[in-house]
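For reference, Swiss-Prot lists these features for the protein:
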BINDING   39, 419, 420, 421, 422, 423, 429, 430, 431  beta-D-fructose 1,6-bisphosphate binding site
BINDING   40, 46, 52, 130, 370, 386  AMP binding site
BINDING   114, 179, 194, 195, 212  alpha-D-glucose 1-phosphate binding site
């Protein structure tokens, strides 16, 4: 354990990110989002009115001072690759800044896909080694949060760790979806179990478990050595949570980093914000929260901007229809290029180029880009996928049986509508 003075912290906050490379695991399918990920990887799913989910991990890197990034892709990667090429191509390679796209290399005979999260890094080791980084930050590309990775890097160095795992308490009934750990008084991880059926509780709070967030910092040389050993192990599933972290824990070289120490928040008294929007309800709820009066996630912090591809679009427009009814919204996010004509939009999120025609009522809905809503529609508690054409007079979210017959309806009553579902009902999707 190394004790650092305040000036040392400031120096390390500048230096450590420059000595690091971030690898963002962005190949996940996200099957729990159902048809929303049929044609795009989960990190490429739209979020918050104008962003993609991966923009949060990428923006965290830039804001933390990390300007060398590799995005590891796999499932349905075209949309993700296109987004990064369009929105994240401003780096200066002469200044050693870049975002590298790293698809599956098929280096294992007979293997076309990554065998696990660790194998996704292993297959790109020859490229990653060329970065000559001292530290490697491993990130998931499908979570919504704001974090200063420089604080986690300082914690890693100060504790003398070879591997540091970001963690946060979660309700014990939800902990089976995470890696769960126990730590000593110095935050050394003394036990780690991946997705246990009966998760252990925290000693000071029986209602919570200490969960891994899938965010890791490694000494680079140590990581490369581990990955090569794991690659030779025929009994390994080649996964960080299932194989590598338990092995490092057993060797006594893994430390925990409490997320509140590096979470970026405008309100220091607020609960640290981190969301896995992996289910339809979680995705819908996280989007709608941004439209609330005081959202849990501050998207207006000029000191920690979330960057994305910005298409040149006109401002949103609210107009009256021919009968004189005004287009109006309340507690909603409405992006550029939208036109609301003589309709009411309440507690909803409308992405770019959405058109809502006259006499509609939109309530608690998420409408992805280029959705076209015909006249006299009522949409409630739903997610409408990109470029859907909702026919005149359609009602969604008011009749559970009808919704389940026509579309996908979750157990919580959130309805997902896609172009393919509408086509099967005989509704043309071309305008």
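For all residues, glycine too, the Cβ spot is worked out from N, Cα and C.
The structure displayed is predicted, hence computed values, not measured ones.
Tell me about the surroundings of these features in the structure.
All protein chains shown were included, and the count of other CB atoms within 10 Å of the CB of residue 422 (beta-D-fructose 1,6-bisphosphate binding site) stands at 21.
Sequence-distant neighbours of residue 370 (AMP binding site) (same chain, 6+ residues apart, CB-CB distance under 8 A): 352, 353, 354, 386, 387. In the three-state DSSP scheme, residue 370 (AMP binding site) is classed as coil.
In the three-state DSSP scheme, residue 195 (alpha-D-glucose 1-phosphate binding site) is classed as coil. Listed in sequence order, the residues of the same chain lying 6 or more apart from residue 195 (alpha-D-glucose 1-phosphate binding site) and placing their CB within less than 8 Å of its CB are 176, 177, 178, 179, 241.
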Can you check what DSSP calls residue 46 (AMP binding site), collapsed to helix, strand or coil?
strand
By CA distance, which of the binding-site residues (40, 46, 52, 130) lies nearest to residue 420 (beta-D-fructose 1,6-bisphosphate binding site)?
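It is 40, whose Cα lies nearest.
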Could you give the maximum C-alpha to C-alpha distance in Å for the residues 40, 46, 52, 130, 370, 386 that bind AMP per the record?
41
At the Cα level, what's the spacing in Å between residue 40 (AMP binding site) and residue 431 (beta-D-fructose 1,6-bisphosphate binding site), rounded?
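Between the Cα atoms of residue 40 (AMP binding site) and residue 431 (beta-D-fructose 1,6-bisphosphate binding site), the distance comes to 23 Å.
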Going by C-alpha positions, which of the binding-site residues (52, 114, 194, 212) is nearest residue 39 (beta-D-fructose 1,6-bisphosphate binding site)?
52
Could you check the binding-site residues 194, 420 and say which one's CB has the most other CB atoms within 10 Å?
194
